[in-house]
Structure formats: C-alpha cells, structure tokens
Amino acid sequence: MQVVNVATLPGIVRASYAMPDVHWGYGFPIGGVAATDVDNDGVVSPGGVGFDISCGVRLLVGEGLDREELQPRLPAVMDRLDRAIPRGVGTAGVWRLPDRNTLQEVLTGGARFAVEQGHGVALDLERCEDGGVMTGADAAKISDRALQRGLGQIGSLGSGNHFLEVQAVDRVYDPVAAAPMGLAEGTVCVMIHTGSRGLGHQICTDHVRQMEQAMGRYGIAVPDRQLACVPVHSPDGQAYLAAMAAAANYGRANRQLLTEATRRVFADATGTPLDLLYDVSHNLAKIETHPIDGQLRSVCVHRKGATRSLPPHHHELPAELAAVGQPVLIPGTMGTASYVLAGVTGNPAFFSTAHGAGRVLSRHQAARHTSGEAIRASLAKRGIIVRGTSRRDIAEEKPEAYKDVDEVIEASHQSGLARKVARLVPLGCVKG
C-alpha cells in the first residue's frame, strides 16, 4: 500500500519503485524510490528520505592485510575498536566541537571540512559521493533543538542497526571490477554504517510538521499524512532541502571521523593502512537530471533505504572506477554476508538499488524470544566477535530479524539494478 500511495504524489514520473529489500516505513516504504519533476509541480517529501538523513555506508580496504594474517590479532583489534568507537543513544562522539560555529562548518563542509581539519586525506574525498559535501546546505534552516542534538554527537555510531564491522572478502564474482576496488579473496575490509544521528532525526521531525501545515496552501492532499510534501521550488521545499543537505554533510563527516578512529586502531594493532573504497548514502533526496519521455528533465529523486548505483563512465565517478561503475555497498546482518556491487547501464529505477537485507521482524518481535547473550555466544561459535552496548540491542538485530541478504542481492543482480562484484563475511562487529 505504501508503494501505491507514493505513486499519487504530485509530479511523480515513471513509477513508484520498490527495491528487493522493501519493507514498511514512515510514509515511503524503506526500500522505496520515487522521482518528481521539479519544473512540473514536483514535490519533495521528508518521508521519502526518512528520519536518519544520509544514513549510509562506507567500506575501508586493508592494504595487503589478509584474513589469515589478521585472525590471531582479531580479538585485540575488536577490543580496541570497542573502546575507540562511541555508540548508543545520545552518546557523545570522538570530536568535541568547541561551539556552534564549528558545527556550522561541519554542516556546510561535510567530510571535506573533516579532512581539512586533519581527519583524513584528500584521496578520501575522491571516493565519497559528491566529493564528501552536498551543496546547498543552510544551517539557518535548522532548529535550535536540532543543532543542540548535533553539537555533541559527531563521530559516533548511534544505535539500532548501525554498526562497524570487520569483514573479509569471501568470494569475488567479477575480477575485472574487483581489481581497481582492491578486493581479492581473503582481503580484510571494514564497513561503517551510520548517519546524521539526532540532528537528522530532529530536522525530519521539524519539517514534517511544517509541511503538514503548509500543504493546504499549495492545494496538496495526500492519502497518508506521513507523505506530507510541498513543491520543490516552494520556500518550504527549499528550506527542507537546505536543512537536509546540512544533515547529509553531518552524516558524511560523521563517517569520516569514525574512519580515522578505525584507521588508528588498525595502524597500532596491525600496522596496516585502510584505504577508502567508497562512501554512499541510502537516505537522501537529490536533484538529478534523467531522460523522461525522450527529454532530459530535472527531477527530485527520493531514495529511502535505497542506494544510488551509477553506471560505468558516469561523470560523477572517480577516474580509477569509471570503467567498472560506482561501488554499491550493501550490508547484511551481524551473522550474514555483505556485498559490494557495481552500477550498471540501463537501471530503470533512476540508478538505484537495495540498501540492505530488509527487516521482517520488528525490534520488539526480534528481542521477544531471544537474549543478546545467546546471540553473541552463537556468533562466537562461528568465529564472529560481537561488541555491543546492550544485550537488547544485539537481540533486536539478530540475523533472523532480516530477509535473506543473498536473495536480495541476487534479485538486484538479476533485475538489472546492479551487478555482483564481491561477497564479504563478518569477522567482528561493533554494534550501535
């Protein structure tokens, strides 16, 4: 029903799309994609982005570090990561911002500002969506409450399904694409999944309320109040997009800071540098140009729980990846595989694909009959080390709470949304 409701939004073009990992969400389904024609009454809807604005994934690749080489040191590495990575609801981050002026630099500069402050290298930005910074951000469109929530959380995982996972490449499907990505069987990687924390949540909350009140002024009626929306070109629409871009930059800076904390752990424990393969959001609305009915049109592409998947030779790709397409990072669960895919030509859903396994059990249902300690012990028997803030958090994220990620990936591959490059298996997980 949510996919159908999205199809009624003013200005929608082509279709309302559901990705293979689709499940129920706020307004839009999680795993939903829709584009609206911004010059023909197209709207923007915060429900099409979600509360965790710019929640996304980045993958770090261990330069010359093999799974067998890491194995004896893995417990020590996980203990160090456990201490180095802040997480949990309301947790303070690794970077203590001195004042709101510095926060505003983060909101407008994203990962680029973090790198300029010494938290990374210039090459990192070449491997980030939009070069690590989304233009159009305006902190003046953000409430004091949202700013206050963002001030102390930069550089932290948060809670829920967010994580930092040490992985190893288990299988390579496409050696030609895997080579420039630095992926070979046995290669150690680190996947980071988090977003814009309390700041993004508050921005969504604030602008949903504003749009609920504003829709009448624009003559808009929606079948579900959670689909509150306004025209992209309206003052309300521009205010949301400016605030959303600021949250996107916060999320990108957040992952950049966690990257540096992780690099320090690996440098100290293994002497191995970690190179950034790619960083991409899966909760975002972006103004893009796409062919619609034979003409190039400016559209607002909502991707909620959906990963951008650019094809080979797209102008936004770094030169060394242009021939193979954008790396698409799709995490599984604590006990299952994650995947690296690549974008393909002809993707019908505005170059979008899945973002994860997709929930089948609510958090309450997942935790009802299982203890976090039992899950931790079960994973330990399989050689997977788990570090979590609470037993309930671990129970809520048990593998059985999600769809079979292998089936989600196969559906993405077979339907022409992306192609398989490599399969990664978990070695250790720091849970948010």
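Backbone N, Cα and C define each Cβ position, glycine as well.
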Open item on the list: Can you find which of HIS162, HIS207, HIS233 Swiss-Prot lists as binding Mn(2+) 1 at the same site as ASP52, CYS55?
Closed with: HIS162
- [ ] Can you match one of HIS193, HIS413 to the Mn(2+) 2 site that Swiss-Prot gives for CYS55, HIS282?
- [x] HIS193
Task: Nearest of the recorded positions (HIS193, HIS282, ASN283, THR333, HIS355) to HIS162 (Mn(2+) 1 binding site) - Cα to Cα - done: HIS193
Open item on the list: Using the CB centroid of ASP52, CYS55, HIS162 as the Mn(2+) 1 site centre, which other residues of the same chain sit with their CB within 8 A?
Closed with: GLY56, GLY158, GLY160, ASN161, HIS193, THR194, GLY195, SER196, GLY251, ASN283
- [ ] List nothing but the one residue from HIS162, HIS193, HIS282, HIS355 whose Cβ has the fewest other Cβ atoms within 10 Å; the candidates are the recorded positions.
- [x] HIS162
TODO: Fill in the CA-CA distance, CYS55 (Mn(2+) 1 binding site) to ASN161 (GMP binding site), as an integer in Å.
DONE: 11
Task: Neighbour-count leader, CB within 10 A, binding-site residues: ASN161, ASN283, THR333 - done: ASN283
